[in-house]
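> Below is one structure. I have some questions about it.
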Amino acid sequence: MKPRRASQEEEIQMAPYSILKKASTLEDSSRVEEVIHSRMSQQVGKKEKWERGPVSNQSVMQGPNKTFVTEFILLGFTLSPRATPLLFSAFLMIYLLIILGNGLIFILICLDSHLHTPMYFFIGILSMLDLGYTTTTVPQMLAHLVSQRKTISYSSCVAQMYIFLVLGVTESWLFAIMSIDRYVAICHPLRYRVIMSPCLCGVMAIFCGLCGVTSALVYTIFAMRLPYCGPNKINHFFCEVPAVLKLACADTSVNDQVDFILGFSVILIPLSVILVIYANIFASILKIRSAQGRLKAFSTCASHITVVTMFCVPAMVMYMKPGSKASPEEDKKLALFYNVISAFLNPVIYSLRNKDVKRAFLKVTGWGRPPE
C-alpha cells in the first residue's frame, strides 16, 4: 500500500485542476483541497511579485538577517613605503602654512582698523572657511598616512561629509558676493561705503551660510538614506559624497540627479553671477583713461578670478558628473586641489601681496616702518 500511496500523491501533485476536481473519495478530496489551496497561494504570490517588479537591493539589505556598515576604511593614496614619509612631510608643511597664512590674515583684519572694510570683511570670512574645511580633512589624512588603522566610524563619516559640504558651499557663494563687492568698488567708487554698508555685508554673509547649511543637509540626507551593507572601503582620503555613494547597496541614479541639480545651484549659479559681474567690470575698466588705474583694477580682478577658478572648476567637475563616470584617482586629485591647494594659495594670491595687509602686519608686529 505504501508504494501505491506515494504514486497517488505524485499524481495528485502533477494533475491539472480539471482532474483534481473529479476526486471521489473523502481522503483524496481532502488532499486535493490542500494542493489546490497551495497552488492558488503560489499564483497569488507570483501575481503580487509581478506587480511590484524586481526587488531592489535596498529592501533586501533591510532584512532582519542583514547587517549594515558601522565604520568605513579610507584607502587614501596608493604609495610606496619610501614615498609615504615624503608625502606626509609635504602635506604637514602645507597644512601648517595654511593655518599660519589664513590665521594671520584673520588676526590682522580684526586688529587693524584700516582693514575694517567690506572687501577685507569677506576676505576674513574666506580665511576662516579655508581653515575650517582643511582642518576637517587634512589632520585625518595625515594620521592615516602614518597609521595602519585607517578606519572612520559611520557617524564620524556623516559629520565630516556634512561639515565639509557646509563650508564648501558657503565658500562658493561667498566668491559670488565678493565679486559684487568688487563691482561696486570699481564701478561706483564714490558710493561704495554707502552701498556696501555693514548691515548689507552681514546679510550677505548670513545668506552664504544659510545656503551652505541647507544644501549640505540635502546632500547628506540623500547620500546617507541609502543602505551601506558592505564592502566598506572608501577609495578616497576623506568621506566625500561621490566616493561614499559607490558603496551603497542600492540604485544611486536619484542621487546623481540630486547632485547635478544641487551642483547647478551651488556652483554654476554663483559662477554665472561672477561671470556676468566681471563682464560689466571689464567694460567699466576699459573706460578708465588712466593706464595706472586700469592696471590696478585689473590686478584686483585677476586675484579674485584666479582664486575662483582654482576652487569652482574642480568642484564642478567632481560633483556634477555622473557617479558611473567617476575615476577614484582623478577624484582624489581634484579634491586635493580645491580642498588643500586652493586654501594654501588663497592667502598668497589674494592678501599677502596686498600693500594694505603688509602695512597692517608691520604695524601690528612693530618690525619695521609701514610702507607709504
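Using N, Cα and C of the backbone, Cβ positions are placed for all residues, glycine too.
Unlike curated records, TrEMBL annotations are generated automatically.
This is the feature table in TrEMBL:
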TRANSMEM  86-111  transmembrane segment
DOMAIN    101-350  domain 'G-protein coupled receptors family 1 profile'
TRANSMEM  118-138  transmembrane segment
TRANSMEM  158-178  transmembrane segment
TRANSMEM  199-222  transmembrane segment
TRANSMEM  260-285  transmembrane segment
TRANSMEM  297-320  transmembrane segment
TRANSMEM  335-352  transmembrane segment
> Based on Cβ pairs under 8 Å, which of the stretches 118-138, 199-222, 297-320, 335-352 lies most in contact with the transmembrane segment (86-111)?
118-138
> Compare 118-138, 158-178, 260-285, 297-320, 335-352 by their Cβ pairs under 8 Å to the transmembrane segment (199-222) and return the stretch that comes out on top.
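Top-ranked stretch among 118-138, 158-178, 260-285, 297-320, 335-352: 158-178.
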> Six or more residues out from either end of the transmembrane segment (118-138), which same-chain residues have a Cβ under 8 Å from its Cβ atoms?
91, 95, 98-99, 102-103, 105-106, 109-110, 160, 163-164, 167-168, 170-171, 174, 177-178, 181-182, 185, 192, 196, 201, 205, 208, 237-238, 339-340, 342-343, 346-347, 350-351, 356
